[in-house]
Amino acid sequence: MASQPPQPPSGQPDTQYEEYQSEVITETTNRPTPAADVYEITPTNDVMDDRYEHEHDDYESGAMYETVRTWSPQSRPELVRIASVFSRIDSHPDVAPTTEDGGQLNRRDTLAGVKIGDPVLDPTKPEFDFYKWARMFTHVMEKEGIKRNRTGVMFRNLTVLGSGSAVQYQDTFLSPFAAPFRPGELCGKGRNPEKVILHDFNGAIREGELLMVLGRPGSGCSTFLKAICGELHGLQKKKESIIHYNGVSQHTFKKELRGEAVYSAEDEHHFPHLTVGQTLEFAAAARTPSKRVLGLSRKDFSTHLARVMMSVFGLSHTYNTKVGDDYVRGVSGGERKRVSIAEIALSGAPICCWDNSTRGLDSATALEFTKALKIGSQVGGITQCLAIYQASQAIYDIFDKVIVLYEGRQIFFGPTRIAKQYFEEMGWYCPPRQTTADFLTSVTNPKERIAKEGYENRVPRTAVEFERYWKQSQNNKLLLANMDRFEAEYPPEEGHLEKLRETHGQAQAKHTASKSPYRISVPMQVKLCTVRAYQRLWGDKSSTIATNISQIMMALIIGSLFFDTPQTTDGFFAKGSVIFFAILLNGLMSITEINGLCKATEPIVPNAQRPIVVKHVNFAFYHAYSEALAGIVADIPIKFLLALVFNIIIYFLGGLERSAAKFFIFFLFTFITILTMSAIFRTLAAATKTIPQALALAGVMILALVIYTGFTLQPSYMHPWFKWILYINPIAYAYEALLVNEVHGNRYRCATPIPPYGSGKNFACAVAGAVPGEMSVSGDAWVESSYDYSYAHIWRNLGILLGFLAFFYFVYLMVSELNLSSASSAEFLVFRRGHLPKNFQGSKDEEAAAGGVMHPNDPARLPPTNTNGAAGETAPGGSTVAVIPPQKDIFTWRNVTYDITIKGEPRRLLDNISGWVRPGTLTALMGVSGAGKTTLLDALAQRTTMGVITGDMLVNGRPLDSSFQRKTGYVQQQDLHLETTTVREALRFSADLRQPKSVSRKEKYEYVEDVIKMLSMEDFSEAVVGNPGEGLNVEQRKLLTIGVELAAKPQLLLFLDEPTSGLDSQSSWSIVTFLRKLADNGQAVLSTIHQPSGILFEQFDRLLFLAKGGRTVYFGDIGKNSETLLNYFETHGAEPCGPSENPAEYMLNIVGAGPSGKSNIDWPVVWKESEESRHVQQELDRIQSETSKRNEGHGQSAEKEPGEFAMPFTSQLYCVTTRVFQQYWRTPSYIWGKLLLGLASALFIGFSFFLQNSSMAGLQNSLFSIFMLTTIFSSLVQQIMPRFVTQRDLFEVRERPSRAYSWKVFLLANIIVEIPYQILLGIIAWASLFYPTFGAHLSSERQGILLLYCVQFFIFASTFAQMIIAGLPDAETAGGIATTMFGLMVTFNGVLQKPNALPGFWRFMWRVSPITYTVGGLAATSLHSREVKCAQNELAIFDPPSGATCAQYLQKLVEAGAPGKLYNPMSTSQCQYCPLSSGDQFLGGSEIHWSDRWRNFGIGWAYIVFNIFATVALYYLIRVRKSSGRPNRIISVITYHLSQFGTYCRAFITGRKEKCPRKREQIGKIY
């Protein structure tokens, strides 16, 4: 490092300063006026002055107009690219525009030259011309006095702070135990230290300017854009930092004008089931101004505006297509990106910040998008900032200014045209073919930048030195002077704020606060969001209908369960049960409102829609509470209809009193309960940050609500430490009201009078509330004696429920508005404790690690001059020759065609594609968006799971065998890795399973170390993969993806799908030049790439170029300087490629890529008829002929392949099980969440039912305590399934196609790993529940049996979860099915309805329910031989006949074998008879017997074994056979016979006797 701070080179004259100093003098006195015919628009002088009065800039001299002048105003494709210029117009044929004095304009506007109502102004017509539409709009806006805000932004001393450090340590299961030995971390010190993300930024962006933000990933580009827009959620801006918008402070601007500065995130968030038209029409409606052109209605204005934007961005054909997402089929990824762009354009914001919005777009589309931004800035005055990772020279030249960031420090800010010269004069060398954007970013990469000769010790090296150099430069001084003039023009809070307020107020609707950032009032927001909520429901009708049907089916099941309940005292428990079920199911059906991460269709899923709501709130579309209120309003009618159907079924089928008054009271309370519980669950979801948090809290809350309803634990048996829950439980008030409503005024015949032969006053009914000598029991007396309920409380309870409802709705709306932002933190690496590299530093000097500054003539740094030469050294480096095994096999494909069926219609994705890949060559696969590049790659790699592929794919002339996938590497576009593993462990896992058994483990691991060195991953080889932001960054993940495939030593070919996607230009260069090195050393490589720069493109040897429809445009050599490729296109009619033009972009342009691109030449037809195409076929024939001769020379003794997998089954099982154990161990949140759920639930149940007495109610409560333990089953299952899905996704997407290990190994490993934790959970639950509930007096044998049952139950839960999720696509779908099945199991286990009371149809359900045997075994073991001591209200109290004792009077009853016990046999009055004498008698009513305990235990293990076999069978039938493309035999047989049955039915109905073909051979094809 230089001893002195770097200075500007003294030997070089500061030509920049002299040049721009002179420009400042000339600009302020002789500012050029733009040509009036640039767009053939002639605005009035007032508009001209308003637009250009502040255009002078110390850096600019009219250059911003030069680019536009070169674009032909007559070229409609160029004009269609105008993106966000205007957002207010309609050409209503029946309305004439008016001038300011009230006069009407003529139907033919001479200024625009277009007749209002002309088809060119209708975006739905093919004649639509956006240019003419914009001209008409501009004129009408001027005449009607409609204004729009315009503003620039200035930032001074901008410093942004975040939390986090450069490194964190991975937590494990034992981390909580080690925390006391790390007091610093325990106290919060050192865990999240403050970190400066942006250091002291300065700059000014004038209105209408376009700023490019350049920097490597992690340099602070996103944070800078967020700071400009004021969206620093979780980050902190220093007090000294100043940001203002033409004099308006950011605080005031964001408070009153939030929607005027918007930030477009890199990811897209939309409601997937809304169509594109609905999405954009909503955005237009939310920002529709109050004053509109031509006096149009809001509906017409917003609809037309959305249509215009869809036409501009090439989305008109998707109007009725769903937006979709990763789970819902919709528009393509590129189209979804354009939907996001159009949404922001419709916001009409004068300041827009775009975060890598060109990601995933091909170069032609990216260029169109950038041109659209440019025109929006120049014509609409929009100030725009765009962070971009890979920018072509054409894109770079469109921008006015550029800011370069280096590790959070500003190292340049100024005009784009001087940036390159600035860094060259600093001493850096720019290679001739490198784009300016790549060069500017490369100077921030020590491994990429090149110093000029003689400047090696003078150039800055670190980010701090670059920043120091910048601050001492004349360009910075000029910038500061310009900022001073900017502030002088716009004094703080003066003038411009009132102007902005006036313009904003003009756009606001009535009843909207003047200082509100929103344009429409709250009622209008609620109405708009309510309509959208119903659109979302309609968009996912199937899901909505399925949910409602499942609820109705549950009502039918529960109602039939209690069908024909006797209207006697024996029916009291059944009535309590059916009402308990009714209120519980009504109340808890809203719990699904919490979960909906992948289903944002329901208008009540706060967590699912939160990112979308946050985005729309930032765009000032609506208040968050308006969306929340709209969800409530939209949901009430749906809930009402569902509740009506549900409660009619359960009320009348369940045997409740058929009284109109009582039914409507029943419905009123159940409906209010639904709304109240919905409000509670909404509040819970809105108050938490993630769905798992909300579900965890909901699980505990539901347990408390169920126990303290009053049914499972009667109020008189509640202990004081938890009884308070009863008073805050809405379900408890509803249950009391419904129960007293049902029995009020009714008397019930005594089913079992004691003694049955008594008369007069000499008998009693053994039911609470009974009166001696009466054969019936008052319902009111029963509920008062049993529950202390009163009919007088019914309307009081309704008032309490309404109070709960209002309170939670209010809290929900408030929390929805306040709990939107999420904390942000700096990115960091995660290491295992004890594995941090010794030389690792948080922000180390990469220059020193790189070994100094590179020289311009160093051959290791210069790009190769010919495609066959050695590639330059890049970040992934090292010795490659000794690592890559030699390859000799040639992979060829001929006439590959791929057809699929979509909605019953055939579609061809690939059309007769031919080609080959030789060892030692690097082949590029390119094409326009939607051409089928990834599809072709999947087809060649044998990774398609649907459709029909035809054609020949050969290796050395032989058909592909079962080992092909194992012998090839496939680097997917998505970097899928297990987040808990380290880089080295991931590579070793791949080497262990994918290299053959003949290679020793030592050799495999040595090869892994070679791969680590080859990819330069030494610094993070022990880092944990983690999640984005908390682990490896984008480039490191991509290197790991490549490394995993290299570690497998692919013998044939390496496929790569978009290896540079999401990377900056330097990282992309590193990856591609590394691939070049692999090819030079014998590897065959085929890679798709969509945005290659000129120097990247020349790294490839051969190109396969596809057009839409999967048709070949070109296949052949690229040639030196792309001469071979360019000659082909130029000789077939294409315009010549310019000497400085990027050949990759040139090709995309000539074939008509981009939303509005067109080509007059059908290039696929040209290729098909070309000589080059015939040469390809001849070469394929020659290759096949040569390889066939070679194969014949070797005879039939070809090397025998080891088979589908490289390693045997046992080795696979060991490796995979070890990794899954490792994943669980390193995911303490899951393990501790599981254990704490079991511990907390068991303790809560145990202390709620603490030491129940031996009364009949006490025994019932004890049985309910066991029953409640089984209710945590559902929560456990919901926890297990997402973990399984995580492993399965990785296996099915990457490891199974690579033939790393068998699907049977995957299933067994996941089953095995769950068992130890389930055993531990069973032990915890056993100790936490049974000791508090039953005490320690049980024998050791019984305690042991209880422990065995608890462990068995939790193992059953895990295997059941895996059985359900095995064949289903996601945890949400499986969770719904599991919950339904669990509901059936607990319903029919004999606790809530005794088996002998079940209708005959349902008795089989009691026998097949696994919970029946678990509850039976636990209850029999706990209550066997327990003596019953009836409570006072449970005794049958009566007087014996005069002169007889109680024993004498009941002697006949005792001799008949009555189960009860007489407490006072010698008394002559007030005989006290308890109907039961032992716990076995009580259990016998539920058919639970002590003698069945071991039988039940054995049946439990049978269910576990069944779950395991069913898991394997379901996975095989649904996912293995389906993915293999083979027909499912069972489904085929069923389908065949159903079709035959249907044929006979049709013949019978029509009276025709058709003969159905049932020949043996036809059935044989199926079987």
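Placement of Cβ uses the backbone N, Cα and C atoms for every residue, glycine included.
Database features (Swiss-Prot):
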type: COMPBIAS; residues: 1-11; note: compositional bias 'Pro residues'
type: CARBOHYD; residues: ASN149; note: N-linked glycosylation site
type: CARBOHYD; residues: ASN157; note: N-linked glycosylation site
type: DOMAIN; residues: 167-432; note: domain 'ABC transporter 1'
type: CARBOHYD; residues: ASN356; note: N-linked glycosylation site
type: TRANSMEM; residues: 543-563; note: transmembrane segment
type: TRANSMEM; residues: 571-591; note: transmembrane segment
type: TRANSMEM; residues: 636-656; note: transmembrane segment
type: TRANSMEM; residues: 661-681; note: transmembrane segment
type: TRANSMEM; residues: 691-711; note: transmembrane segment
type: TRANSMEM; residues: 798-818; note: transmembrane segment
type: CARBOHYD; residues: ASN819; note: N-linked glycosylation site
type: CARBOHYD; residues: ASN895; note: N-linked glycosylation site
type: CARBOHYD; residues: ASN912; note: N-linked glycosylation site
type: BINDING; residues: GLY927, VAL928, SER929, GLY930, ALA931, GLY932, LYS933, THR934; note: ATP binding site
type: TRANSMEM; residues: 1231-1251; note: transmembrane segment
type: CARBOHYD; residues: ASN1253; note: N-linked glycosylation site
type: TRANSMEM; residues: 1257-1277; note: transmembrane segment
type: TRANSMEM; residues: 1305-1325; note: transmembrane segment
type: TRANSMEM; residues: 1345-1365; note: transmembrane segment
type: TRANSMEM; residues: 1372-1392; note: transmembrane segment
type: TRANSMEM; residues: 1498-1518; note: transmembrane segment
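Panel annotation: around the transmembrane segment (543-563), residues 537, 574, 577-578, 581-582, 585, 589, 592, 599, 601-602, 642, 645-647, 649-655, 1376, 1380, 1383-1384, 1387-1388, 1393, 1398-1399, 1401-1402 of the same chain, lying at least six beyond its termini, place a Cβ under 8 Å from a Cβ of the stretch. Of the listed recorded positions, namely ASN149, SER929, ASN1253, the sparsest CB environment within 10 A is found at ASN1253. The stretch in 661-681, 1231-1251, 1257-1277 that contributes the largest number of Cβ pairs under 8 Å to the transmembrane segment (1345-1365) is 1257-1277.
Distance between Cα atoms for ASN895 (N-linked glycosylation site) and ALA931 (ATP binding site): 16 Å, as a whole number. Counted within 10 Å of its Cβ, the other Cβ atoms near THR934 (ATP binding site) come to 16, all protein chains included. Separating the Cα atoms of VAL928 (ATP binding site) and ASN157 (N-linked glycosylation site) is a whole-number distance of 44 Å.
Residues 1303-1304, 1307, 1311, 1349, 1352-1353, 1355-1356, 1359-1360, 1362-1363, 1366-1368, 1410, 1413-1414, 1417, 1528, 1530 of the same chain lie 6+ residues outside the transmembrane segment (1498-1518) yet bring a C-beta within less than 8 angstroms of a C-beta in it. Each residue contributes its Cα atom, and for GLY932 (ATP binding site) and ASN819 (N-linked glycosylation site) those atoms are 43 Å apart. Counting Cβ pairs closer than 8 Å to the transmembrane segment (691-711), the top stretch among 571-591, 636-656, 1257-1277, 1305-1325, 1372-1392 is 571-591. Long-range contacts of the transmembrane segment (1305-1325) within its own chain (CB-CB distance under 8 A, at least 6 residues past either end) are made by residues 1209, 1212-1213, 1216-1217, 1219-1221, 1224, 1231, 1234-1235, 1238-1239, 1241-1242, 1269, 1276, 1280, 1284, 1287-1288, 1291, 1296, 1347, 1350-1355, 1357-1359, 1362, 1366, 1508, 1511-1512, 1515. Over the domain 'ABC transporter 1' (167-432) the predicted model carries a mean pLDDT of 86. SER929 (ATP binding site) falls within neither a helix nor a strand when secondary structure is assigned with DSSP, and so counts as coil. Classification of ASN912 (N-linked glycosylation site) by DSSP places it within a strand. In the three-state DSSP scheme, THR934 (ATP binding site) is classed as helix. Using Cα positions, the member of the binding-site residues GLY927, SER929, ALA931 nearest to ASN157 (N-linked glycosylation site) is identified as SER929. Beyond the ends of the transmembrane segment (571-591), by six or more residues, the same chain brings 551, 554-555, 558-559, 561-562, 565, 604, 642-643, 646-647, 650-651, 654-656, 666, 669-671, 673-674, 676-678, 681-682, 698, 702, 705-706, 709, 711-712, 730-731, 734-735, 738-739, 742-743, 748, 767, 782, 1387, 1392-1394, 1397 to within a C-beta distance below 8 angstroms of the stretch. Between the CA atoms of ASN819 (N-linked glycosylation site) and SER929 (ATP binding site) there is a gap of 39 Å, rounded to the nearest whole number.
A gap of 14 Å separates the Cα atoms of LYS933 (ATP binding site) and ASN912 (N-linked glycosylation site). Other than the site residues GLY927, VAL928, SER929, GLY930, ALA931, GLY932, LYS933, THR934, same-chain residues with C-beta atoms no more than 8 angstroms from the centre of those residues' C-beta atoms, the ATP site, are THR935, LEU1106, LYS1108, GLY1110. Nearest to ASN1253 (N-linked glycosylation site) in space, judged by Cα atoms and limited to the binding-site residues GLY927, SER929, GLY930, THR934, is THR934.
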